[in-house]
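Worksheet for the structure shown next.
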């Protein structure tokens, strides 16, 4: 059993989809849930993420991730190997990480809550506040292509081994909900048609809405001995023969029948009658006085679907909807913006004429909303590379490869020559000359490492020479010289007691190390691995683990690494440990310049002379810290505690943070 995750979903959020196979696993939110999450994060600058987790020690994985292409906008990770919780996010288009030393992987259930309020971060574990920090405000302008993942970084990476949970998760498929209509006490299915003869209307059910239109009556073409008349039960006039005699040509209206202004006198065969004018109806069955018929409200018009009905006294008018042009009195046709070039489509988009407008669709090899289309590289461009055309990346300096996925190792290729007091350390996109053991920088931090000077362990009292020996400083180290006499033993003092000269032991602070005492000096190193020993500790010797289940896929899903192997990904150092990937931020060299900036595709800041190009202004007097002595420190300043030389303090956006490093002696 490795790990378990519980997710409580509220506000009509449905369970995550779960798909598992031999090569990967996918626990992700469906598209409609992802869209809701994207909308929530876009509209909120304050949010809290809560989860319950039970994690076995020495395991690592991502608890929750909002990931798009190569970028993580929100990612919460737990590393049991390094015993820390990590929060990954983006600021001004560049990756940021916050690490919190905490042992979450202890085999017990824990509740974890991460709250972000603008630049304020709170981390709770089991309802106890364990960290509070000021960070760069996270960038939450999520794109529609973002994915929401549970228990993993993306499709095939950062997986928690949910051995128990995987046996219980199932994929829930949504069902289509048909919308019906109710009319006259009856229920009609979607798209069903019916006739209302009493109202002379044809009706239809469209997505839960009843739509009715007046029955169209053709003109009754009657012969001379027939008259068009209304017959009960029929909506249209029919021709009928009159059997009574009448006086042909006699004007009964001349006898003085009075009709209202909206009606007119009509001669019948035997008398005169008032008849409502076209577009008017009788009041209470009396045609002497008539009122206007609202053909639009009563659906007694002939306007087609691309028009809107406008009622007029005694009539109505059919106006064209926006984007349509008139065909005849009752119908309009859609205006083709694509043919007339009156569209907003990008030059790399295809314009499709639609009802009331047009649709812009990016051409194959391009993505976007149609009005803006950018080139799409199917595998993405890594390391700050730019996709300039379909599946074509232009790499920044220091990177190469089809996807700019390969860092140029300036150190291995001999492109860089560091001072002999330093060694070349490759970094993504560039390099760094790091002071060798026994040397430290004099404060000028020269790029070639020539500012590295010897550490005088003897004068600084950082040596391990016993009282019966004399410390002698050497370039890059020191020596313990015994004075003459039988009292010079060469033993080494340790916290747990005296270690004899020549003695080897396993330190309590690291199960994978072995220490030796030689002539008063203590040397600690990684103990050698014996892969032929079946009892070998695989935690200390992961390279001896040959089990297929202990291999790891890298973030691209193309390279398979053995347990214990390491690689660089983005701005993180990654390592495969028993089938799980653990990544942590790279340690960047210290810069003493006033302005720094992180170049596109790189991870560590460089010095810049133009303050407008700087990512942060270390001299900003508006953001200061007060150290325990009451001294105001500028943002970005670092210093050592007077009574605690192993503690380093840093002023970070107005907040003091302390760091106690583990010191190794080699």
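Yeah, the Cβs are placed from backbone N, Cα and C, and that goes for glycine too.
What TrEMBL says about this protein:
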| type | residues | note |
| --- | --- | --- |
| DISULFID | 377-387 | disulfide bond |
| DISULFID | 395-404 | disulfide bond |
| DOMAIN | 179-240 | domain 'VWFC' |
| DOMAIN | 292-333 | domain 'EGF-like' |
| DOMAIN | 334-374 | domain 'EGF-like' |
| DOMAIN | 375-405 | domain 'EGF-like' |
| DOMAIN | 407-445 | domain 'EGF-like' |
| DOMAIN | 454-489 | domain 'EGF-like' |
| DOMAIN | 550-608 | domain 'VWFC' |
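Between the domain 'EGF-like' (454-489) and the domain 'EGF-like' (407-445) there are at least 3 Cβ pairs closer than 8 Å, counting only pairs 6 or more residues apart in sequence, which means the two stretches are in contact. Along the domain 'EGF-like' (454-489), the predicted structure has mean pLDDT 81. Residue density at residue 404 (disulfide bond): 24 other Cβ atoms are found within 10 A of its Cβ, drawing on all protein chains shown. In the domain 'VWFC' (550-608), helix, strand and coil residues by DSSP number 1 helix, 25 strand, 33 coil. When Cβ atoms from all protein chains are considered, those within 10 Å of residue 387 (disulfide bond) total 22, not counting its own. The Cβ of residue 395 (disulfide bond) has 22 neighbouring Cβ atoms from other residues within 10 Å, across all protein chains displayed. In the three-state DSSP classification, residue 387 (disulfide bond) falls within a strand.
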